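K.L.:
Below is the structure I would like to discuss, written out as structure tokens.
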């Protein structure tokens, strides 16, 4: 696994968790002595990136998080606003972007994304095994993506999956999944309490 590439790691952490009912970022799925969800996300990116940024609305609540905290430029604007804020704040030409609520991302998949060659503004995988839905919160963005995303945002769009179609983006294709995550477990996220039950069941039967 590469160590400290000249690439930023950006975690979109938000802060509302309205559908979840509690602050899911503080869940300790790996035991009381283990990391919380947000700490785990930081730990995933640290070996790969020269800096790790966390975009969130409540930086004051995370004084001990070992990352650079970035205030969302447009609080309440969703993941698109978070990605824009992260790209604006990063100090490298490229960023590996993930969401804070994806607890079972395969580290080897992240490393592969970080090294995957591509031309354009972004490297955005499609869902697997049934392609079609882009995964813009498990992706690589160049700084060149910032201006078009800002334009789309200014035009009123708030859906990240729609906004990224304004970019010159590349899909690494099914080979990425087949080589590094054939079950596509990395796409599991926590949006509702029912999602938590699924992830807990997965963690109970898988060594992660």
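Even glycines carry a Cβ here, placed using N, Cα and C.
Annotations for this protein, taken from Swiss-Prot, read as follows:
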type: BINDING; residues: 12, 13, 14, 24, 72, 101; note: GTP binding site
type: BINDING; residues: 101; note: Mg(2+) binding site
K.L.:
So if I measure Cβ to Cβ from residue 14 (GTP binding site) and keep only same-chain residues at least 6 apart in sequence, which ones fall under 8 Å?
P.N.:
56, 57, 72, 78, 79, 82, 100
K.L.:
Which one of the binding-site residues (72, 101) has its C-beta surrounded by the most other C-beta atoms within 10 angstroms?
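P.N.:
In terms of Cβ crowding, the pick is 101.
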K.L.:
Can you tell me how spread out the GTP site is, meaning the largest CA to CA distance among 12, 13, 14, 24, 72, 101, in Å?
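P.N.:
For the residues that bind GTP, the greatest Cα distance is 18 Å.
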